[in-house]
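Annotated features in TrEMBL:
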- A:12-30: transmembrane segment (TRANSMEM)
- A:50-82: transmembrane segment (TRANSMEM)
- A:94-117: transmembrane segment (TRANSMEM)
- A:167-185: transmembrane segment (TRANSMEM)
- A:216-237: transmembrane segment (TRANSMEM)
- A:295-316: transmembrane segment (TRANSMEM)
Amino acid sequence: MTTLTVSRKRYLPILATLVMLVGAFGFGSARYDGFADSQVVLNLLIDNAFLLVVAAGMTFVILSGGIDLSVGSVVALSTLVSAKLLGHGWPAPVVILVVLVIGASLGLGMGAVIHFFELQPFVVTLAGMFLARGLCYTISVESISITNPFFTYVAQTPISLPGGTHVSIGVVIALVVVAVGVYVLHYTRFGRTVYAVGGSEQSAMLMGLPVGRTKIQIYAVSGFCSALGGLLLAFYTLSGNPLHAIGMELDAIAAVVIGGTVLTGGSGYLLGTVLGVTVLGVIQTLITFDGTLSSWWTRIVIGALLFLFIVLQRLVTRRTR
Amino acid sequence: MNTYARLVKHRLFWPAAALVLLLLGNFVASPRFFAVQFREGHLYGSLIDILRFGAPLILVALGMTLVIATGGIDLSVGSVVAISGAVACLWVSRLGDQNSLGGTLGAVGIAIALSLLLGACNGFLVSVLGVQPIVGTLILMVAGRGLAQLITDGQIITITGTHYRDIGGGFVATVPLSILIALAAFGISSLAVRKSALGMLIEAVGGNPEASRLAGVASRRLIWLTYVFCGLCAGVAGLMISSNVSSADGNNAGLWIELDAILAVVIGGTRLTGGRFSFGGTVIGALLIQTLSTTVYTLGIPPETTLLFKAVVVLAVCLVQSPQFRRKFARRSRRSVPVVKDEKVEVTL
Amino acid sequence: MPAEILRMTGIRKEFAGVVALDDVDFRLFPGEVHALMGENGAGKSTLIKVLTGVHGVDAGTVLFAGEPVSFAGPAAAQRGGVSTVYQEVNLCPNLSVAENILLGREPRRFGRIHWSALRRRAVELLARLEVSLDVSAPLGQQSIAVQQLVAIARALDVDARVLVLDEPTSSLDPGEVERLLGVMRSLRAQGMAILFVSHFIDQVLAIADRMTVLRNGKLVGEYTDITARELVAKMIGKDLPVLEGLRGEVRHGEGTLMQASDLGRKGSVAPFSLEISRGSVLGLAGLLGSGRTELARLLFGADHADSGEVRIDDTPVALRSPRVAVSKGIAFCSENRKTEGLIQDLTVRENIILAMQAARGWTRPLSRRRQDEIVARSIELLDIRPADPEARAGDLSGGNQQKVLLARWLITEPKLLILDEPTRGIDVGAKAEIQRLVAELTADGMAVVFISAELEEVLRVSDKVAVLRDRHVVAQLANDSLTPDDIMATIADGGER
C-alpha cells in the first residue's frame, strides 16, 4: 500500500506535466481554429529543436545535482563561430566539427574546475557564461549572416511527412540527440553513474564509482549539446549573433524542471524534458494564436510554472523522506 | 607587527589595491582622468562618473551582501530593478502633472513597496519552504522580466517629470544625488547592522547554521529579512537606473546586474558560503567593476568585452578562495612540507 | 578448525606522533563471527582502515589467505575479497535496490546494461541473505534495516571471503537487529569470515564466536568465553584511579525542575522517564553510543521527540526547537564543539554573547560596553586564554573553545544546564576547574545534566546517575558511595541486578 503511493508520488511531477500539456493543448484547439492542425504541432518542434538539444544536455547536469548557467552563451558563441568561419570560406563539415569541439572543451574545462577545486557549479558556469558571451563580442558585436550552401540547404530543406506536413532537418537531429541521450542515461554505466552522483555523491564515491570523471564528462556533454543547439539555431536563423539566446539557460532549466527532474538531482527522465520543452512550446503557440496576449506572458507563465513545480517537488521529496 | 604588514593583512587591502592600481592605470592612459571640474555649480569628471554610474550597482550589491552572508544568493535583483523602474515610470507617466512632487513621491513609494513585497516572496521561498536560494530566486528572475514588460506593455515608457529625473541625475549641493543616495544607503545599512545585533546574528547563521540553531538564533526570520532588504536595495537601484534615462525598459533595465553584484560582493571579501561580510569591501568591489567598465570604454575596447574580464576575475577570485586550489598551490611551492588540512582558510582578497 | 583467512600481526600505526595502534594482533577464521570491541578511540576503526587499505601500516604484517597483502584502498580490498559495510548506509536512495547492489559492475550485453539479468542477479544475491523484495523499487522506500541488508548484498557480490561490518546495528530497532543477526548466522554457516564491530554488548554476546578487545590502541586480549561483566571491565580497564569525592551528602535538590515522561525518539533513544531537581547534578553514564547525547538532545529540543512529554515546573512544554528550550531556561553545550558549538569565524566575544543576544532578538542589541563587561568577566571567571575577546574563536585550543561555549550559556543564567562531554580533550587542570564550577553552580540552585565517558568523573560530580545501555535508560541510581565498578556492573547486566 505504502509502496504504491510512494512510487506514484515519484511520477507525480511528470504526470502533472502531462495533464497540463493535454489541458493546454485541448484548451488551444477548442478555442482557436487550426490550433490542432498537425503542422502547428510540428512547427512547435521546428521552433524549439535547438532548445530541446540544449535542455537534453541540461538534463544530464541537473540529474547529477549540478547546474550549467553557461548554455545560452555557448549557443550564441557557436552561432558566431560558425558564421565567422563560414564567412572566411571554411568548409561546412570542418566548421561544424570545430564548433562542437569548442563547446565540448568549454564544458570539459568547467567540469574540471568544478571537480578539482570543489567550486560550486553555479559559480564556475557563471564565469563560463561571462567568458563565452565575452568571446562572442570579441568575434563580432553585430549579427553575421550565413550564406554557406550547406547551411542554407539544411535550413531550407523540409522533410516531408505523410499528410502534407513537414519537419526540418534540425528536428530530426534533435530527436536523434534525445534518443541517444535516453539510451546513454538508461543503458550505460556512465548514465547510471549520473543518477548515482545525483542521488548521493558521497555514496557514489564510496561505492567505487568514477565520480570525478563522470562529473567532468557531464559538463562536457552539456557543452557539446549547447554547441549542437547553437548549430541548430544557426541553421534555423542562418545567422550568428552575440545577442542570440540571452536568458536561454533559464528556458532550459525551466524545461528540465517542468519535465519532472528534481533540481537537487538523482531523479527524472530525459523524456520528461521533451515534455517540458513541448509545454513551453505550446504556451508560446497559445500566446501567438491568441494575438491579444503579448509575448512577455510567456516569461510570466514560465515563471509561474517553475514556481508550481518547485513547490510540488518540495512537497513530494519532503513526504518520501 | 609593523604598520605595513598589518596593512597588507587587512582583508580589504587587495581589493582596494586593485582599485587604486586600475585608477592609476587610467591616469597613465589619460592624464585628465583625475580631473574634477566644477561647472554650473555641479561636479563633473571621470571619477564622479564612476561614482554616479556605479551607484545602482553599489545599492544592489549592498543588498546582495547580506543575502550572501547568510549563505544564500538572490538572482532576481535584475528583474526587481526592471519592475521597480517600470512601476514608477508608469505611475509618473499617468500623472496629470509629471512635475508634481507629491505624484513623484507616490510613484517612488509604490515602487519601493512592490520591491519589498518581491523580496518577501523570495524570502518566503527560501526560509519557509526551504527551496535552495539559487532556484527560489530563479523563479522571480524569469517571471520578473515578463512582469516588467507587462507593466510597461512591452514599450519603453518615457517620462518628462523633472523630479523623477533628479533621483538619478539631480545634484544636491554640487554633488550628484545618486552618489548621495548610495552613500546614505551604505551609511545607514552599515549603522543598522553594526549598531543592532543584526550583523552578528547574520554572520553566525551564515558561518555555522547548526550551531546558531542550537544557540537559539531565529535564523528563519533573519534570512527572510535579508531577502526583503535585498529587494528594497534593488528597488531603489531600479528607480535610479530608470531616472538616469527618464524611461523604463522592462527588457534591458538591470540586465546582468545580479552577476555584477555577486561579483562585487565576492571581490569585497564576503565568501559565497556565508559568514563574515563587509559592506565596505562590497562598495570597493562595486567601484572596481564600474571602473573596469569605464576603463574598457576609455581605452576604446568594445565595451561588451568587459564580460571577458569579469569572467577572468570571477574565476581568479573563486580559485583564490578555494581551499583545494590553495592546497595544490602550496604543495607545488613547498614540496617537502606536508600540507596540513586547514579548514579555516582566510580570505585574502 | 580450518586455516585462518586473515592474520594481522604486530600492527602499529601513528598519526602525527600519536600512536593509534600499538602492536595489535588480530586473526579471523572462515565460518566465524569475530567481534572487535572497545570504546571509541580504542583503535577499532583504525584497525579496520588498515585492513581495507585506507591507511598504510607503520609496522606489522597483514596475511590474507596466507599471502602478505597491502591493499591500495577500499576498492582494491573489495576486489581482493575483503568487503566492508559501514554504519551509515552508503548507497543511492534514488536508484533501485537491484542497481544499488550491482552499480559499477552491471551485467552487460552488446555493450549495454542487461536489465533483466541485473534484476535476476540481484534477486539471487538477496536470496543468499534470505531476503526477498521487489528489486526494482527505489532503495529509499526501504527501511534502514533492509538498506543495510542491500549494502551487505552489494558487498557479497564480489566473492567476498571476509565481510567487515562496522557498527551495522546502530540505527536499527530490536526486530531489525534480530533479522540482521539472522543473516550473519546464515552467512557464517556458508563459511564467511565476519568481522563485527559493535558496542552493543548484548548483540556481540549473542552472535560472536570470538572477541578481540582493544583499549587505547593496545590489544587487551582475545576471548572466546566471557561474561558481559568481564567484557565491560576489559573494555574500560580495571585500573581506575581512586579519587576523593568532591561532594559531601547526596543532595536531593530543592524540588523538581524538569520531568520527562516516556520521552523517546525512534532510532535514537527508547522512551525514558527522568526527574531533574533544582540544585543537583544528574549524571548520564553509559558507553559511547549508548544514547547519552541523543537523550540530551531530546531534553533541549534539538531533536524532536516522537513520544512522551516534558514538564517544566509542572507545566507541559512543547520543546519544538532549541529556541523554545532556551526561552524556558535550558542550555546545552554540545559535545561537537566545532560543528555544533562555536562559530569559528566569529570572535570570542561574539561567540560568548551569541545565545544571550539571540534570546533578546536582533532589535535589542547588548551595548558594546555591556558586552565587554560580560565577556571580560567570563574570560576571567573561566580563565579563557588568550584573554583577548577579539581573538578568532576557531584559533583557540580545544579546552578554551569549551570554556567559550560554557561562558555562552552561563551568562544566560539557565535553570538547567546540559553539558555533553564538557571535559573531553582538555587538560587535567581545566577539567578540575570545570568540575568545580559545576559544583558551584548547583550550590546556587542550578540543575545540571552532566555527560561524560569517564565514569569516575560522572561519579565525582553527580547526585544521581542515570545509566544507559543500548539506547535504553536501564537504571537510575542515587550516588551515595557508588563506585565505577557499580556502574560498570549495571551497564553489563543491563540494570538487572
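Cβ coordinates come from backbone N, Cα and C, glycine included.
Automatic prediction, not curation, is the source of TrEMBL annotations.
On a predicted model such as this, the values are computed, not experimentally measured, just so you know.
Comparison of A:50-82, A:94-117, A:167-185, A:216-237, A:295-316 by number of C-beta pairs under 8 angstroms to the transmembrane segment (A:12-30) places A:295-316 first. Outside the transmembrane segment (A:167-185) by six or more residues, the chain places 42, 45-46, 49-50, 52-53, 56, 59-60, 63, 154-155, 157-159, 161, 191-192, 194-195, 225, 228, 232, 235-236, 269-271, 274 with a CB less than 8 A from a CB of the stretch.
The transmembrane segment (A:50-82) shares the most Cβ pairs under 8 Å with A:216-237, out of the stretches A:94-117, A:216-237, A:295-316. Sequence-distant contacts of the transmembrane segment (A:216-237) (same chain, six or more residues past either end, CB-CB distance under 8 Å): 46-47, 49-51, 53-54, 56-58, 60-61, 64, 66, 68, 70-71, 74-79, 82-83, 96, 99-100, 102-108, 110-112, 114-115, 121, 125, 146, 151, 154-155, 168-170, 173-174, 177, 190, 194, 197, 244-245.
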